[in-house]
């Protein structure tokens, strides 16, 4: 008979999972989504929760089902060389190329950007990012206690303030929820918002960091894969219901803010405007202090994880040198500014996320179909072809790719051949067709060749 978690253990697991996905850096995306979606905020919320909440939970379940001790176990059917490439790209996305530099620019947007004149913004960002990443490097080496202090006090403080803002917004809304819907949310709000959810990178982070959740459950005495998965589903559902409520509130805040503000360039600006509206200068100062400190742990965690895993793979180079490399690259990328980082992150994440989705799906159903190289290679290989196509349609230098992408010039919309002729390509989901084809071919090859599961080898 399976023993059940005590209420204390349940509470611990719920808080661990919630803490893994809640961060000040992710607050900016649902707020901006609310502004873009306008009156379509309900459908947009559904799409956002699918990719930003449900998908990370399924990634945790996949880790539990397969008893994976690392992301390498999940991608074992792809072979060692492909696995190394995938993990390297994954770590660069989570670390120095996207997440770590984004934390610095979000911190800057919450703070000094609001007070510096326009002609001092670039030098201000340079100095801020330099100091920020020096502190990140030092903290990764010396100050382990910082993360626990921030997790125990600052994230709860953020949640309390957000709860107050939500209550105030219900009593004294900045506007109604029937605001203008931008063009991308008029035709396919669910799909557009699902792609917006990619920006949280939580599904990718789950593949790397979710092993800690599995180990925490196993340390409580639960080792059967089915039981571990059941615990993750139960506690993860409660944690992610809480996170969903936060996201719903933020999306509604973003939509209603259009009653007094115009659509902002990014969510950091929008959130600052909302906080200032309800709390005046106190709200602005609170964000300026708490925002940078709260995103700081994310930069620490991603940079440290990058350095640890690369040192494990290439032990001749010390952890400190890998950490310095990650920090230096993140610093250079941060100088692009928040808007540019988000702009360039979109095509990268549109390539990575579909691969992660199929990887999670294949591992979830592996107890019934096994984990064969044929099925994984065909499914993920063809998915990658489609996701690269979708990603290229979003690159900032669209016109350089000629007829491949759509762009607007002199008020005329030019639609690329890829988006014209491939199913769902205009919404960024042509990969679904490729993935389905890969699953069919992979299943046939697996059946014909009678390929054994890699777990049975």
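Including glycine, each Cβ sits where the backbone N, Cα and C put it.
Automatic prediction, not curation, is the source of TrEMBL annotations.
According to TrEMBL, the features are:
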- 12-33: transmembrane segment (TRANSMEM)
- 45-66: transmembrane segment (TRANSMEM)
- 78-100: transmembrane segment (TRANSMEM)
- 120-141: transmembrane segment (TRANSMEM)
- 153-175: transmembrane segment (TRANSMEM)
- 195-217: transmembrane segment (TRANSMEM)
- 238-258: transmembrane segment (TRANSMEM)
- 278-301: transmembrane segment (TRANSMEM)
- 322-338: transmembrane segment (TRANSMEM)
- 344-365: transmembrane segment (TRANSMEM)
- 428-448: transmembrane segment (TRANSMEM)
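Ranking 12-33, 45-66, 78-100, 153-175, 344-365 by CB pairs under 8 A with the transmembrane segment (195-217) puts 45-66 at the top. Contact between the transmembrane segment (153-175) and the transmembrane segment (12-33) holds: at least three of their C-beta pairs are under 8 Å, each pair 6 or more apart in sequence. Using the rule of three or more Cβ pairs under 8 Å, pairs at least 6 apart in sequence, the transmembrane segment (322-338) is in contact with the transmembrane segment (120-141). Long-range contacts of the transmembrane segment (12-33) within the same chain: residues 5, 44, 48, 52-53, 56, 60, 99, 102-103, 106, 109-110, 151, 155, 158-159, 162, 193, 196-197, 199-200, 202, 205-206, 209-210, 212-213, 216-217, 231-232, 235-236, 238-240, 242-243, 246-247, 250-251, 253-254, 257, 264, 266-268, 270-271, 274, 290-291, 294-295, 297-298, each at least 6 residues beyond the stretch ends and with a Cβ under 8 Å from a Cβ of the stretch.
Within its own chain, the transmembrane segment (238-258) is flanked in space by residues 10, 13-18, 21-22, 27, 30-35, 37-39, 41, 44-45, 48-49, 52-54, 56-57, 159, 162, 165-166, 169, 173-177, 179-180, 267, 270, 273-274, 277, which lie at least six positions past its ends and keep a Cβ under 8 Å from the stretch. Remark: the transmembrane segment (45-66) makes no contact with the transmembrane segment (120-141), by the rule of 3 or more CB pairs under 8 A.
Within the same chain, the transmembrane segment (78-100) packs against the transmembrane segment (344-365): three or more Cβ pairs sit under 8 Å, each pair at least 6 residues apart. Panel annotation: around the transmembrane segment (120-141), residues 100-101, 104-105, 107-108, 111-113, 292, 296, 299-300, 303-304, 307, 320, 323-324, 327-328, 330-331, 334-335, 337 of the same chain, lying at least six beyond its termini, place a Cβ under 8 Å from a Cβ of the stretch.
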